[in-house]
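Student: Before we start, here is the structure in question, set down as structure tokens.
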Amino acid sequence: QDPMDFEWSYWIEWGRERILWLLAGHLLVSQVSRLLVEKYKPWCLMVYGMAACWLLLGIKGFAVILLHAMISFAVAQFRLSVLMWLCSLTLLSTLRIAAVEEAKRKWYDTENEYYLLLFTLSVRCLFCTSFGLEYCWHGPAQKSSHSFLWMLAYVFYYPTFHNGPLMNFDEFSKQVTELFKITVCVRGCLCIGLWSAEGNVCTLCIYTQYVFVYFIYIKKSKSRWRAESGLALAQVLFFYVKYLVLYGVPALLLQMDGLKPPALPCCVSLMHSFTKMWRSFDVGLHRFLIRYIYVPMGGSQSGLLGTLISTALTFAFVSYWHGGQSYLWYWGALNWLGVIVESGVRKILSISPIQDLI
């Protein structure tokens, strides 16, 4: 592993200490409630998620997340998408106010505990935004599935609680509602779980060994260009494996709950374009961006200028959500430029004379 990768080391440490045990507890509550009180399973999981949040983040951390949910739900009552977005961006901006950061740090004994709250709030912000916008778009007929209780069940669903993967509320509510109409086989769930777990562990082992052998080659290589390019490839593979595991474990629990998680990240060695990278690496985030930013802003149906603006706003939000530091704005701008260039070249190549020439 890359010992300088803070994110990997951070989540592995938390996983070993508490999170994996809490995920196992979620699975136990899920299966027991399915057998005994299937009709109330979402609410049982909601209560468990709130208890797990309280245990890890303390009463103050739990209160902040609950407050964010309550504010988002209250603003959603106006059924104005613009107002909902202003609320979400305001809540997100509070995570970067120095005075607020210092106050939250004092709640905990270690920096790791504070960062867990910070990461959780960042991801919860997307979930609250998804629920709020769906509430704005749906009429009174869907009121029963867009209640505050449903919002809590969605926001405090534990497998996706700390780090994702992101699942939009319309997908979540539809799948949970469908579960009431079918019987989920426990044996089938366990088979899916064992198969998925085995696949993730094997992939991790294979890539770890591959990268290890590759580093031996890099060390012995006399060519600086080969060594640096090999190191770059290894770093990208580390990044891929990291999110394959971080998203693979929650996806496993989603499957065992009878839900269909977003597809796991596609191997970066198979990618050669910015567009494919954004579509197939973090599928949940891509669906969120398309549904709530790109399409509402006009997308490809609004002409060249509309496409440029829609795409720019999408990448601007991604950069701001990740932290808003200067290097993230450069990263977002370069990705925006890459997507625009690829789209432009694709349209040029689709012209009949160019096709004939090819």
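In case you wondered, yes, glycine gets a Cβ from its N, Cα and C as well.
From TrEMBL, for reference:
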{"type": "TRANSMEM", "residues": "49-76", "note": "transmembrane segment"}
{"type": "TRANSMEM", "residues": "82-100", "note": "transmembrane segment"}
{"type": "TRANSMEM", "residues": "112-133", "note": "transmembrane segment"}
{"type": "TRANSMEM", "residues": "148-167", "note": "transmembrane segment"}
{"type": "TRANSMEM", "residues": "201-218", "note": "transmembrane segment"}
{"type": "TRANSMEM", "residues": "230-250", "note": "transmembrane segment"}
{"type": "TRANSMEM", "residues": "302-321", "note": "transmembrane segment"}
Student: Examine the transmembrane segment (148-167) against the transmembrane segment (82-100) and state whether at least 3 Cβ pairs sit under 8 A, considering only residue pairs 6 or more apart.
Tutor: no
Student: Counting only residues 6+ away from its ends, which parts of the chain sit with a Cβ under 8 Å from the transmembrane segment (82-100)?
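Tutor: Distal contacts: 68, 71-72, 75-76, 118, 121-122, 125, 128-129, 132-133, 136, 320-321, 323-324.
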Student: Could you pull out which residues elsewhere in the chain have a CB under 8 Å from any CB of the transmembrane segment (112-133), counting only those six or more residues past its ends?
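Tutor: Sequence-remote neighbours of the transmembrane segment (112-133) are 10, 13-14, 53, 56-57, 61, 64-65, 68-69, 72-73, 75-76, 81, 84-85, 87-88, 91-92, 95, 104-105, 146, 150-151, 154-155, 160-164, 166, 168-170, 285, 288, 292, 321.
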